[in-house]
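Visitor: Found this in TrEMBL, in case it helps:
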- 49-298: domain 'G-protein coupled receptors family 1 profile' (DOMAIN)
- 33-59: transmembrane segment (TRANSMEM)
- 109-128: transmembrane segment (TRANSMEM)
- 148-172: transmembrane segment (TRANSMEM)
- 207-234: transmembrane segment (TRANSMEM)
- 246-269: transmembrane segment (TRANSMEM)
- 281-300: transmembrane segment (TRANSMEM)
Amino acid sequence: MPCEGCMERENVSTDATMDFLLLGFSELLRLRVLLFLIFLIVHLVTLAGNMMIFMAVVMEPSRPPMLFFLCQLSAIELCYTLVVVPKALLSLVAVEGSTISFLGCAAQMHLFVALGGAECFLLAAMSYDRYVAICQPLRYAAVMSEGLCLRLALTCGLGAFAVALGLTAAVFRLPFCQSRRINHFFCDVPAVMHLACTQSYAPELPLLAACVLLLLLPFLLILASYVCIAVALLHVTSSVGRGKAFSTCISHLAITLLHYGCATFIYIRPKSSYSPARDKVVSLVYTNITPLMYPLIYSLRNKEIRGILRKMLRRKKIAQVN
């Protein structure tokens, strides 16, 4: 039986032409200017940091697999922030929130989920790279060939794109209620699903399936890689060698914990526990602070990145002198 207040869904054109209203941070009117400046500065620094790492790796003639994956990670983060942050900044400028079309909301959700899922798969590929480097160092060059790296990168992107497309289609096939006010600063899956006029748990099944494929499966692969790494390090007699091997994994572990910590909190939970205010705070960290931390973590912990950045600065100084 149709729920009271649901929109009629007799044809697709009616749905495709309707708009949603992103409320953003409309409850914090007095802090709008301060929040806008903070978000803008963080956004620009994030773009600059990821662009710097991306360009540094691209300009390097010899790229080991880890740098290749890091370049892809920076590209994902660049797209990731551009999908979410500009609309969030616009919601701070508009007093009553900013509107987004039905198709625009679906496109934003699809890109957000696809890029986040690609990052999960990429982190699993990077953990496999660390496993081969530590557990099979003599075969590292043969196993982690350029062809394998390209296939892994392509699989990460296409796999996440397909899962995100299925999830987005399932969400936007739901009957939405008369209220089109999304209490968020972007079209996040839980926030949009909260508008659905249904009391059953069936609409949550596509989200659960997407979480299994995009979050749980890569996490299990990462966990398996690090279990093998830990077992291999137990057989290393030298504490210096053990510490040196483990230090190559610290950056990847830090990024994995940051990414999975927020994602697990937001998506792996029942619809009944949805809290708009809490979700916005966590999403704020997830979409703004976390992408900012990635360049800092890798530029500080990765010797190869530091070396490439130093070479870039030297080239720039030489160019300025000339």
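Glycine is treated like the rest: Cβ placed from N, Cα and C.
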Visitor: Counting Cβ pairs under 8 Å to the transmembrane segment (207-234), which of 33-59, 246-269, 281-300 comes out on top?
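Guide: The stretch I would name here is 246-269.
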Visitor: Hey, does the transmembrane segment (148-172) touch the transmembrane segment (281-300), meaning at least 3 C-beta pairs closer than 8 angstroms, sequence gap 6 or more?
Guide: no
Visitor: Check the transmembrane segment (246-269) against the transmembrane segment (109-128) for contact, please; criterion is three or more CB pairs under 8 Å, pairs 6 or more apart in sequence.
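Guide: These two segments touch.
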Visitor: For the domain 'G-protein coupled receptors family 1 profile' (49-298), would you mind checking the mean pLDDT of the predicted model?
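Guide: Mean pLDDT, the domain 'G-protein coupled receptors family 1 profile' (49-298): 85.
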